[in-house]
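What TrEMBL lists as transmembrane segment is 7-29, 49-73, 85-103, 109-130.
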């Protein structure tokens with residue numbers, strides 16, 4: 001039961017961290033005020049014309065979320081290998097990012113960066129959290 005709680009808490013921390021980084025990205029690179037978020041065509045056009053650094057905040061947010069969530073999950077988890085819970089959180093972030101990439105077309109570099117931005121930081125966060133010396 002504790003390990004299930006660790007994963008759920010890690011996912012919650014990951015979602016919060018992703019939200020914070022993406023809010024910072026939107027503050028630095030605000031989307032056009034006339035952009036209608038309920039219009040898929042408008043969002044597609046915006047992503048095609050968005051600056052590289054504006055889009056770079058997306059995998060940075062995923063990596064931050066996977067790392068923070070993985071660290072928390074590994075710190076809370078019990079057992080012999082708690083770092084594996086960081087990988088589980090990274091996998092959940094990867095699935096969520098894949099759903100995002102499927103619904104909203106993104107540049108190919110962002111699609112290719114997604115697994116690296118989710119799994120590696122999740123594993124590193126899990127390794128750090130497993131040390132429990134934070």
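Glycine is treated like the rest: Cβ placed from N, Cα and C.
Remember, it's a predicted structure, so these values are computed and weren't measured experimentally.
Counting only same-chain residues 6+ beyond the ends of the transmembrane segment (7-29), those with a CB under 8 A from a CB of the stretch are 50-51, 53-54, 57-58, 60-62, 64-70, 72-74, 76-77, 85-86, 88-89, 92-93. Listed by sequence, the residues of this chain that lie at least six past the ends of the transmembrane segment (49-73) yet keep a Cβ under 8 A from its Cβ atoms are 6-7, 9-18, 20-22, 24-25, 28-29, 82, 85-90, 93-94, 97, 106-107, 110, 113-114, 116-126, 128-129, 134.
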